[in-house]
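S.K.: Got a structure for you, written out below as structure tokens; questions coming shortly.
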Amino acid sequence: MEKWHLMATVVLIGLTVRWTVSLNSYSGAGKPPMFGDYEAQRHWQEITFNLPVEQWYFNSSDNNLQYWGLDYPPLTAYHSLLCAYVAKFINPDWIALHSSRGYESQAHKLFMRTTVLIADLLIYIPAVVLYCCCLKEISTKKKIANALCILLYPGLILIDYGHFQYNSVSLGFALWGVLGVSCDWDLLGSLAFCLAINYKQMELYHSLPFFCFLLGKCFKKGLKGKGFVLLIKLACTVVASFILCWLPFFTEREQLLQVLRRLFPVDRGLFEDKVANIWCSFSIFLKIKDILPRHIQIIISFCFTFLSLLPACIKLTLQPSPKGFRFTLVSCALSFFLFSFQVHEKSILLVSLPVCLVLSEIPFMSTWFLLVSTFSMLPLLLKDELLMPSVVTTVAFFIACAVSFSIFEKTSEEELQLKSFSISVRKYLPCFTFLPRIIQYLFLISVISMVLLTLITVTLEPPQKLPDLFSVLVCFVSCLNFLFFLVYFNIIIMWDSKNGRNQKKIN
């Protein structure tokens, strides 16, 4: 009973932090004509409520797609419609067609913030609590500490409650999916993940690990027996869930194609704004977007993405395990973020979720990654006037992780899960005993560079000839960190021969 009282306290702390951040500014506040993501979410409520389904994704006099046109899958549209019905009941002016454009008021801000909090309470937070309660081989105290640290992760809080989005919905569905397939509730897990993809198409970052893990389970059961039956059941579950979500858009072929064009807008280019991936960082030296034709950019990004995630996916298919699944989720999502086409800075949250899931297994490296992921969004957070919430939530998260997991004491080869790799290297280099020390130094350099760049960005004006200098430096430094983490997580995956023996598991 005491365990649940403590867990309720942790949830209350998480909710308090979220609501406190929500009292600050939001994306595009008072900045016509486009405003920001806050207005985008409000506008989708206006469109879905006032227009028939077949017009939601089409350009028209009532639905100018250049003004925050709907570009997420149907489940997002249905969620917007649900919120719109509540908004209509409270104040019809909030979603009035045309006249509500750019609507801003304290009452409306309260309503919009509340919708995010309710979505969090219904989907994401219960999944986090249940995941932490199901962790094996750690004490109740550590389970509660794990939940606290995940709920205090600043990146998600700042984007959903500061900038303003509903990332916790898709990430929550994805986490329910992880729970399902890890506990052998494969059909329920598949259904939950299909809901995640149908809410935000970026959840495709996690799709290959789900596919490989479930396929590996089918192979393990035998494709001539139970494995084949499971494969058919999984296929039927996926097809049925997609048909139900997309049913209103199957009326005409052009309707379906238009939705797909809106979900995958290749015309927007290789990357948008300042994002901490390879292509944006490499453009400092070579303007790939200007030199290569778009179809060549797509081919190159596909090849890099596919090749970087292939080893981990093959390993997971051949040796499926909950631990391997979690680490492959990290590796694949990071590969997509670093190398794929049309990446946004907020997409790093798709990598951060699976990193949160391995927080209790590698607390030092997970904490480090989650700090870098928040830092990588600094230009966006400063644009939204979220400096103070960013600093406070980041420091609070770091202290929570440091105290809960004693992270600076968890830097041995074994606790970094690099022992197998180090033993392999020592067969050829007997003196290779300094890897933990190198990682500690890299952590120190990383933290110092993040602090200095934050101070420089906040206090100094960039040169007139290089107005984006500081933003580019933030992205470049973050990208270097992410490349290091990609190598690190792949080493853990490839050198974990027993795939989870004597490790913490999901029961």
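Glycine residues also receive a Cβ, built from the backbone N, Cα and C atoms like all the rest.
The signal peptide feature in TrEMBL is assigned to 1-22. Residues or ranges marked as transmembrane segment in TrEMBL: 110-132, 144-161, 173-197, 227-249, 298-318, 348-371, 386-408, 429-457, 469-495.
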S.K.: Are there residues at least 6 beyond the ends of the transmembrane segment (386-408) whose Cβ is under 8 Å from a Cβ of it, and what are they?
M.R.: 17, 20-21, 24-25, 142, 145-146, 148-149, 152-154, 157-158, 162-163, 359-360, 363-364, 366-367, 370-371, 374-375, 378, 458
S.K.: Which residues of the chain, 6 or more past the ends of the transmembrane segment (429-457), have a CB below 8 A from one of its CBs?
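M.R.: Non-local partners: 364-365, 368, 371-372, 375, 378-379, 382, 411-413, 416, 418, 422, 470-471, 473-474, 477, 481, 484.
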S.K.: May I ask which of the stretches 110-132, 144-161, 173-197, 298-318, 348-371 has the most CB pairs under 8 A with the transmembrane segment (469-495)?
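M.R.: By Cβ pairs under 8 Å, 298-318 leads among 110-132, 144-161, 173-197, 298-318, 348-371.
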S.K.: Between the stretches 110-132, 144-161, 227-249, 348-371, which one has more Cβ pairs under 8 Å with the transmembrane segment (173-197) than any other?
M.R.: 227-249
S.K.: Could you pull out which residues elsewhere in the chain have a CB under 8 Å from any CB of the transmembrane segment (144-161), counting only those six or more residues past its ends?
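M.R.: Answer is 3, 6-7, 10-11, 13-14, 17-19, 21-22, 113, 116-117, 120, 125, 128-129, 132, 135, 138, 167-168, 171, 346, 348-349, 352, 356, 359-360, 367, 370, 373-374, 377, 381, 386, 389-390, 393-394, 396-397, 400-401, 404-405.
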